[in-house]
Each structure stands twice: as structure tokens, then as C-alpha cells.
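Colleague: As annotated in Swiss-Prot:
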- 8, 10, 74, 194: Zn(2+) 1 binding site (BINDING)
- 16, 41, 196: Zn(2+) 2 binding site (BINDING)
- 74, 102, 132: Zn(2+) 3 binding site (BINDING)
């Protein structure tokens with residue numbers, strides 16, 4: 001499947017990544033992307049920036065190297081109440097919010113606890129996508145959570161770094177299960193490289209292979225085109241980004 005948007009990338013600001021936004025944009029162009037989301041870790045992760053970093057993304061250009069830039073964050077799931085570690089005052093300056101479990105922030109518990117947290121994250125209305133759900137340390141009820149995500153128009157990320165098999169070990173088979181259940185339920189999928197170095201921005205080959213193998217229709221993959229991604233943001237109630245009118249109307 002052709003994928004023209006990468007919705008999960010990091011810069012050196014995350015504390016354990018190694019490239020600048022400009023370097024990421026250059027790689028995005030070289031790798032054939034039309035658009036990518038810059039989504040550094042929110043502040044509860046060790047080494048991550050203060051929330052001002054995300055609020056100030058309003059100064060970023062809408063295009064770098066001819067590639068559209070979406071202003072985002074990978075927030076942390078903080079508790080079972082559905083809280084993330086970004087103040088609500090920052091929301092107006094962001095286009096895209098991922099929420100993910102990370103072991104340094106949320107101590108792994110049992111499936112019921114993780115399921116409750118994910119359901120409340122979905123229902124809080126602030127989160128556009130759930131990140132790298134395959135992690136076996138954070139088991140959850142796939143069908144219940146994915147059904148809720150469908151009902152609330154929250155995208156399910158398939159993460160290319162996870163599919164390499166050396167990060168969040170034990171996730172690969174679970175990602176296939178999530179993709180199959182998501183396909184059957186009709187969820188929206190998004191695709192992220194989870195790049196921590198610029199050369200990986202736009203590297204979505206394993207995700208593409210998985211989606212083809214499972215038989216997911218491109219109409220349910222919001223990153224199949226930049227137009228589909230922007231349409232999904234509007235479906236979620238986000239204000240259209242004027243600088244992308246030409247993309248939207250292409």
C-alpha cells in the first residue's frame with residue numbers, strides 16, 4: 001500500500017533521538033512523503049521537553065523542503081482516568097496528538113487496567129491516535145478498545161519500528177491481531193515510522209506489507225494520502241489548516 005504521510009517522528013528534543021526537524025524534512029522528501037507529523041515525547045518521559053516546546057510549535061513553517069509539516073506530540077497515558085501530560089491550553093497550537101503507554105511513566109499492570117486507561121483516553125476527546133499498541137507489557141482487550149476507537153474517530157497506529165522486532169519485543173504478532181480486528185471493525189488506521197533518526201522518517205515498508213497482508217482497504221488508512229489525513233482531522237472536528245487548502249482540494 002502506498003503511504004504518503006508519516007504520523008509519528010521524533011527530533012533530538014525528545015532526549016533520545018538524534019536529528020533536527022530540518023533533517024527530518026529532508027529525509028521525508030527523499031523518501032517520497034507529502035506530509036509528516038513531528039511528535040516529540042511529552043514532558044513525563046525522561047529527557048523530554050517542557051510543554052512550552054509544544055505550545056510554541058505555532059511558529060513553525062507549514063512546509064519544509066516542500067513537505068507539509070503537521071504540529072504534534074506523542075503524549076503519555078498517565079493514569080486510568082484518561083489524562084495525558086499536555087495542558088489543555090496547548091491544544092489550540094497542535095494539529096495532532098498521539099497517546100501512548102511508556103514504561104517509565106505508566107507502570108505496566110493487568111489487561112483490565114490498561115483497557116480502562118485506553119477507553120478513557122479515547123473518550124476524553126483530546127487524542128487523535130493511539131500509539132504502538134502492540135506492546136505485550138500493556139495487554140488490553142483489543143476488541144473493546146478498537147470498537148470504542150471506531151465510535152470516537154480515534155485512529156489506531158501501526159508502528160514500523162515495532163514491526164522490526166527489536167523494540168517492544170513480542171509486539172509483532174499482536175500488531176497483526178490488532179490490524180485484523182481493526183479491519184473487521186472498520187477502524188481508521190494511521191502509520192508511523194517512530195523515527196528517532198532522520199533516515200527512518202517515511203520508512204513505512206513493514207507497515208505497508210502488514211496492511212497488504214491483512215487486506216486493509218486504503219480508504220481506512222488515513223496516511224494513504226495527505227488529502228485523506230486532512231479529511232480525518234476535520235472529521236475529528238479540527239479546524240481546516242488554511243495553508244493546506246491546495247493539498248485538500250487537489
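Backbone N, Cα and C atoms are what each Cβ position is placed from, and that goes for glycine too.
In terms of burial and nearby residues, how do these features look in this structure?
Modeller: Annotation note: residue 74 (Zn(2+) 1 binding site) sits in a strand segment as assigned by DSSP.
Sequence-distant neighbours of residue 41 (Zn(2+) 2 binding site) (same chain, 6+ residues apart, CB-CB distance under 8 A): 10, 14, 15, 47, 48, 73, 74, 76, 102. Following the DSSP three-state reduction, the secondary structure of residue 41 (Zn(2+) 2 binding site) is strand.
Proximity of residue 132 (Zn(2+) 3 binding site) to non-local residues of its own chain (separation of 6 or more, Cβ distance below 8 Å) is seen for 100, 157, 159, 161, 162, 168, 171, 192, 194, given in sequence order. In the three-state DSSP assignment, the secondary structure recorded for residue 132 (Zn(2+) 3 binding site) is coil.
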Colleague: An 8 Å radius from the center of the 74, 102, 132 Cβ atoms defines the neighbourhood of the Zn(2+) 3 site; name the other residues of that chain inside it, in order.
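Modeller: Sorted by sequence, the hits are 41, 76, 98, 100, 101, 131, 194.
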Colleague: Far apart in sequence but close in space: which same-chain residues, 6 or more away, have a Cβ under 8 Å from residue 8 (Zn(2+) 1 binding site)?
Modeller: 37, 39, 74, 98, 131, 157, 159, 190, 192, 193, 194, 195
Colleague: Taking the binding-site residues one at a time (74, 194), which has its Cβ surrounded by the most other Cβ atoms within 10 Å?
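Modeller: Neighbour-count leader: 74.
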